[in-house]
Amino acid sequence: MKMILLGPPGSGKGTQAKMLSERLGIPQISTGDMLRAAVKEGTPMGVKAKAKMDAGALVPDEVVVGIVRERLVKDDCDKGFILDGFPRTLPQADALKQTLGDLKKDLDAVISLEVDNDAVVGRVAGRRTCRDCGKMYHVEFDAPAVADKCDKCGGQLFQRDDDKEETIRKRLDVYAQQTAPLIAYYRADGLLRDIDGMKDISGVQQQILSALGCGL
């Protein structure tokens, strides 16, 4: 199963991708995680990505496409993969189509998680991240036992710039302008599956599995 998860920031793509990866036995490919690793390491690619991420804008295509292509040629993608957070623009979608054609890997489905913008802001602005181990919490839905302290390692929790309300709303605007057209792009290809992302995690997962014909 070769698939893409689409949806605005905070729509639950990462959570659903992880669950699907475990259920289907295929890798989750999160461009967000790969980009953050490059930023943390201070690589040339990471420096370019950081400036855009801090401003709530999209990372340049040449950076993201290069990362994704390198990942898709690995052996664990032979039976399938889940792209989480890519593509985000029509040029990226075209580049992905060309890459998959070169690798003889055709997409099976594109899942689009539909959510309310205000709900997204509430989900994302409540996130807190451990400075030491990177474990994530939510002040409402998954709070640590002791405020601002990681349950796992005792490290200090903080709110990433990416998770602040002003940045989130900018990212949602960027999504609407540049990423939402992908829905029409993949609908025209007959690959799109619309999913109600406002249900609970289990409910969303059940919808996705049903749309993929995988059973419950």
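Cβ atoms are placed via backbone N, Cα and C, with glycine included.
Summarising the annotation, Swiss-Prot assigns ATP binding site to GLY10, SER11, GLY12, LYS13, GLY14, THR15, ARG127, LYS199. Around the Cβ of GLY14 (ATP binding site), the same chain contributes GLN28, SER30, GLY32, ASP84, GLY85, each under 8 angstroms and 6 or more positions distant in sequence.
Note on the region 'NMP' (30-59): mean pLDDT across this stretch is 81. What Swiss-Prot lists as region 'NMP' is 30-59, and the listing cites sequence analysis.
For ARG160 (AMP binding site), the Cβ neighbour count at a 10 Å cut-off comes to 15, with all displayed protein chains included. Swiss-Prot lists THR31, ARG36, ALA57, LEU58, VAL59, GLY85, PHE86, PRO87, ARG88, GLN92, ARG160, ARG171 with the feature AMP binding site, giving sequence analysis as the kind of evidence.
The region 'LID' annotation in Swiss-Prot covers 126-163. Beyond the ends of the region 'LID' (126-163), by six or more residues, the same chain brings 53-54, 56, 171 to within a C-beta distance below 8 angstroms of the stretch.
Per Swiss-Prot, the feature Zn(2+) binding site maps to CYS130, CYS133, CYS150, CYS153; the stated evidence is sequence analysis. Look at CYS150 (Zn(2+) binding site): DSSP puts it in coil.
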Within the same chain, the residues at least 6 apart in sequence whose Cβ is under 8 angstroms from that of PHE86 (AMP binding site) are ILE4, ILE29, THR31, VAL64, VAL68, GLN92, LEU96
Taking DSSP helix as H, G and I and strand as E and B, the region 'NMP' (30-59) has 22 helix, 1 strand, 7 coil
DSSP, reduced to three states, assigns ARG127 (ATP binding site) to strand
Cα nearest ARG127 (ATP binding site) among binding-site residues (VAL59, ARG88, CYS150, CYS153) -> CYS150
ARG88 (AMP binding site) sits from CYS130 (Zn(2+) binding site) (Cα to Cα, rounded, in Å) at a distance of 27
